[in-house]
């Protein structure tokens, strides 16, 4: 049976009821895990049994071992994010998604050789640390049952004390040739039938949970895989169904896609699922081009020394992101501004409400990045073209609107 990835069938409610109805007090972690387990979908006719994860790496015994493993994986030097020259629109969209993952990811379209992949991969150094359960392939959060893997949730229900380690948010690359089983994970049908055990080998979606999933040349990816990725990103859950056996696990990640419009566009209904859209152009200023070439030459000669020269700027930016993530919940946006955002969307004939929601979230994230607790008109003006330009109705033969129409409508409504 083919994989079914549908928010209606694969995902539990987005906001868990983690409070006792009788006392209005927070539930214990064990009770919360039980509440989440009760909401995970099960279908009549699907087999039930124990859940095991196979073919995963052995857990690190200590935090030092985990750090050593992470250092080994990152031996290839990464170009510093702070050293990227220009491309401010793309960099801002990436930072806002790191601050608020619920924005829904970003689609980056631009000419070849403009630094799309380099910029996305340079984001790794700025990602904050998170607490994860040692040895868990789903990067389970030990404090939040909503993002726990099934095996960890069972351990919590049994009262086991979970070993925890601090690790960097991961970035997972999805290759163009990946199969659906590699992306979603596979079930060992033979073991399930003979031993009554749901033997599940996690895929890339499991590895990307609580992290970033990057798809280069996403416009060349098979449409059914794009559907799978977007549905999982929207629902936060991945469900694998094979031969009457169903397994669900959390898959909350920031989806970042990039591509060259000359090689083809994504379908409009798929574009709409990306929270933001960034356009990247070739730098035309001769001085900037020379600076980019020189900086790249410095990096190629001595990557370590080049990275150290930007260490202070990188640390400052990382602290700014961490502070913005912490203060995001305190940021407010006036009702009048929310009404005007919706008016812009309505007058541009934007289908659905995703444009309204994403614009509100992106404006709040930008205010938090700037260290403020109130959204201004300037914040909205900065993000609204990236939130709406790819949602406008257009002639199939035209390229994506450059954002000028959005900007014109914005100033018409806000002035």
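Quick reminder: no glycine exception, Cβ is built from N, Cα and C everywhere.
Marked as disulfide bond by Swiss-Prot on the basis of similarity to another entry: 93-184, 345-387. According to Swiss-Prot, the feature transit peptide maps to 1-67.
Taking the Cα atom of each, residue 387 (disulfide bond) and residue 93 (disulfide bond) are about 9 angstrom apart. Following the DSSP three-state reduction, the secondary structure of residue 387 (disulfide bond) is helix. When the alpha carbons of residue 184 (disulfide bond) and residue 345 (disulfide bond) are compared, the span between them is 35 angstrom. Ranking the disulfide-bonded residues 93, 387 by the number of CB atoms within 10 A of their own CB puts 387 at the top. Its Cβ placed at the centre, residue 345 (disulfide bond) has 25 other Cβ atoms within 10 Å. When other Cβ atoms within 10 Å of the Cβ of residue 184 (disulfide bond) are tallied across all protein chains shown, the result is 28.
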